[in-house]
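Participant: I'd like to ask some things about the structure below.
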Amino acid sequence: MNLILMGLPGAGKGTQAEQIVAKYNIPHISTGDMFRAAMKAETEMGLQAKSFIDKGALVPDEVTIGIVRERLSQEDCVRGFLLDGFPRTVAQASALEEIMKDLGKKIDYVLNINVDSGLLLKRLTGRRICKECGATYHLEFNPPAKADVCDKCGGELYQRSDDNEETVANRLDVNIKQTKPLLDFYDELGYLKSINGEQDINKVFADIDVLIGGLA
């Protein structure tokens, strides 16, 4: 099964990715992991990526796509994979189609975990972190026993500056605008499957499981 996982920040992609790879024994391939592995192994594309990163420059698409090609050609991807964080643009998605064709494979599903942006705002702005021990809480989903005080060490809880409402709202807005063309692209190809991410996390996985179970 060859899958792509999509969803806005706070949609719960990480949790679902863990459950998918654990049950179906396929590699979870994130963009960051791909780059780190390629640079560590000093592959041709990894060395090219390193030269851009060391200069503080953006890695061009052709290098990123080359790294994806290298990674998907590896033996652990024979039974399938879960791509996370790639593609980000329609140009990258088109290049991925070519890679899959060259490998004699196809993308089975693009799973988009759908959550209303108002709920995402609540999820993302409710996070609180202990100044002393780093324990994480959520005002609604995992509140401390006593307001603004860490249950574990009694330290003061704070909200990270990038978790404030304005910053989060802007981040979501940018993500929505960036992902829409990609979702439209995959919808036209018939790959796109929308998953209700507003349910309990186990129900979200149950819905994914029903959908992809036939591919195993």
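Just so you know, glycine gets a Cβ as well, placed from its N, Cα and C.
As annotated by Swiss-Prot, ATP binding site applies to GLY10, ALA11, GLY12, LYS13, GLY14, THR15, ARG127, THR136, TYR137, GLN199. Annotation source Swiss-Prot lists AMP binding site at THR31, ARG36, ALA57, LEU58, VAL59, GLY85, PHE86, PRO87, ARG88, GLN92, ARG160, ARG171, citing sequence analysis. Under the heading Zn(2+) binding site, Swiss-Prot lists CYS130, CYS133, CYS150, CYS153, citing sequence analysis as support. Summarising the annotation, Swiss-Prot assigns region 'NMP' to 30-59. Here Swiss-Prot flags 126-163 as region 'LID', drawing on sequence analysis.
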Participant: By DSSP assignment, list the helix, strand and coil residue numbers for the region 'LID' (126-163), in that order.
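Facilitator: The breakdown for the region 'LID' (126-163) reads 3 helix, 13 strand, 22 coil.
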Participant: I need the CA-to-CA distance for CYS133 (Zn(2+) binding site) versus THR31 (AMP binding site), whole Å please.
Facilitator: 30
Participant: Quick one: average pLDDT across the region 'LID' (126-163), no decimals.
Facilitator: 94
Participant: Please list the DSSP helix, strand and coil residue counts for the region 'NMP' (30-59).
Facilitator: 21 helix, 1 strand, 8 coil
Participant: Around CYS153 (Zn(2+) binding site), how many other CB atoms lie within 10 A of its CB?
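Facilitator: Result for CYS153 (Zn(2+) binding site): 12 neighbouring Cβ atoms inside 10 Å.
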Participant: In whole Å, how far does the CA atom of GLY10 (ATP binding site) lie from that of ARG160 (AMP binding site)?
Facilitator: 15
Participant: What is the Cβ neighbour count of THR31 (AMP binding site) at a 10 Å cut-off, with all protein chains included?
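Facilitator: Its Cβ has 18 other Cβ atoms within 10 Å.
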Participant: How long is the line from the C-alpha of ALA57 (AMP binding site) to the C-alpha of GLY14 (ATP binding site), rounded to the nearest angstrom?
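Facilitator: Here the two Cα atoms are 27 Å apart.
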